[in-house]
Amino acid sequence: MLMQHTLTQLKALKLDGMARAFEEQSTLTASTSLSFEERVGMLVDRELAWRDTRRLERLLRAAKLKNPQACVEDIEYRQTRGLDQRIVATLAGCDWVRNAQNLILTGPTGAGKTWLACAFGQQACRQGFSVFYVRVARLFEELKIAHGDGSFTRRLAQLAKIDVLILDDWGLQDLDQAARNDLLEVLDDRVGTRSTVITSQLPLEHWHAWLQDPTLADAILDRLVHQAHKLPVKGDSMRKKTKSESADA
């Protein structure tokens, strides 16, 4: 009776991890040999682990990663990809996020840029940072709608609070003047305070021409490329490789 009352109180306090551990202890005879301090310590440890797990789940749901299973441990380092394992390991530490620096992934279509961006995004979530993935074209569609319904300022504020904003397929489609202005607004709110990840088939040296407006291009690239980590990805299409391996299996 007392045990059930304690469980009910723990759940009422939203100490779900501790409640589960307490219930487990009551069914294990080995727990009786532990001291009071040891048992309490185990309960607290379980609660902390439970909260960490729930927080990670919330962050990953909010991130909306295109490849939610991508993780840095599964990155392939074939020589043809040109990835430096030491650089990747450094990026996996997420100091670039803590220092509000950006990450630019460039390479041919299918080379795995989006997957890598999602892997770094998941790693950032693991370390407690908020992440959001969006394709560039989709972002500007949403911002155009936000202008129309009066939610643009609120949406900008939301984007400004995200620790790691992943902009996928940069340079794939031309931007109109309104989109270029919106892009500057988004990046200006983030410079020096938050990190932005870019994936692009377009080589970095072509970005200025893609943005068309020289003045805006200078302002946008200054905010984005300054102190950015650049990770070029080489090699054949990873999508074709995966299909080929599936066919051979």
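Every residue, even glycine, has its Cβ placed from backbone N, Cα and C.
As the structure is a computational prediction, the values presented were derived from the model and not from experiment.
As annotated by Swiss-Prot, ATP binding site applies to Leu105, Thr106, Gly107, Pro108, Thr109, Gly110, Ala111, Gly112, with the evidence given as sequence analysis.
Excluding the listed site residues Leu105, Thr106, Gly107, Pro108, Thr109, Gly110, Ala111, Gly112, the same chain places Lys113, Thr199, Gln201, Val233, Lys234, Gly235 with Cβ atoms within 8 Å of the centre of the ATP site Cβ atoms.
Of all Cβ atoms in the shown protein chains, 24 besides its own fall within 10 Å of the Cβ of Leu105 (ATP binding site).
According to its DSSP assignment, Thr106 (ATP binding site) is in a strand.
With all protein chains in the displayed structure included, the most crowded Cβ environment within 10 Å among the binding-site residues Gly107, Pro108, Gly110, Gly112 is that of Gly112.
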